[in-house]
């Protein structure tokens, strides 16, 4: 595995300037046109582009070794968020899975929320030459658009409701959270001048834009959000959901929406929680509770909350990182473990039983395998010690904290690789803005700025590496 260089001294600020979507889209088109073979190139000096292209070529030559299957899907517009939806079909050679995507346009056409169906080929099915010769310049035949929703504003974040496979929430550049019933929403054609789709519910409570921090509760239909107003807001949509889909079907004579939308009235919050001193960048529920949650922000703080005891923090780690915090995830298998990612290029693992205001004693390990701001961290849904991180350096790293400190078996990885790192996906020339891990099918989906998504099944390297 390639040795990573030390991070620069000045951490990068998260996100993009307001109103930069058009400029970014133009840049992407120019970069795409300038690239050899029509493949998008990274912005920057020629030396940086050359290095990026060389690393990408090295990665591409290893694709048949690293993956059992890989699909490259190009989008017309950049995308800031993607999510796996429910499993739709299981087959002998492939599974069909719902996929939620966004498209951020330059306003010559509307912004959209895309619902797609993705055929995921199972391990040891695809031929080696098929894996190696994936098409970098076209839309993948494995990803089919199912429905388009014309979204009011950019789609910065998408989250699905675990209690109902048809309900998703979105964040845009406004204070509200929008709730959508995917099946009830009509399919729209995104053309200039088309009217925006109407959300099924609007959650209100923020006093300034809430763009990124969004979470759905695993145990109850609760929604959590953070924003530029430095607050964390909690809603319950339980009262706004019909007793059953059957009741809605009887009332309308069709399958209809199970979200009450008679007057499309806004929904007020259960609580507003104050404790951050800057923008809240990410939030996450405790896996077993709708009342316990955590948040991170540009104030470098990690805060734990309990809605049962009030609106103030139950614990505030003042300097969880040395720069802005961008992301947080709570271990679904061990609820004492919390991951954070930051503009200081590191991922940190905390034990909440040992949390202190300075965070030093509660730090289980600091993972350093990125050379740019970490934008996303996520625990494996199946293995309690495995997680992934993606960053602006274009890398997706898969870690196992159980392997930290253990002897490296000869030939499994370079001794210079960071402790705990056992797989690295490097199939991108630009930064990974968002990614999703689904180890039940050994599948990862990556959504990034250059209008491109890679979906792959990883079997060989995933299982052959042993640090014992």
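Cβ from N, Cα, C; glycine included.
The model shown is predicted, which means the values in this text are computed figures rather than measured ones.
If you look up TrEMBL, you'll see 1-10 marked as compositional bias 'Pro residues'. Annotation source TrEMBL lists region 'Disordered' at 1-54. Residues or ranges marked as compositional bias 'Basic residues' by TrEMBL: 11-21. Residues or ranges marked as compositional bias 'Basic and acidic residues' by TrEMBL: 43-54. Residues or ranges marked as domain 'Histone-binding protein RBBP4-like N-terminal' in TrEMBL: 54-121. Annotation source TrEMBL lists repeat 'WD' at 273-306, 318-351, 367-402.
Residues of the same chain lying 6 or more positions beyond the ends of the repeat 'WD' (318-351) and with a Cβ under 8 Å from any Cβ of it are 7, 11-14, 218, 278, 281-288, 294-298, 300-302, 357-359, 362-379, 381, 383-384, 387, 389, 391, 399, 401. The DSSP breakdown of the domain 'Histone-binding protein RBBP4-like N-terminal' (54-121), given as helix, strand and coil counts, is 12 helix, 35 strand, 21 coil. Residue counts of the repeat 'WD' (318-351) by helix, strand and coil are 0 helix, 17 strand, 17 coil (DSSP-based). Mean model confidence for the repeat 'WD' (367-402) is a pLDDT of 90.
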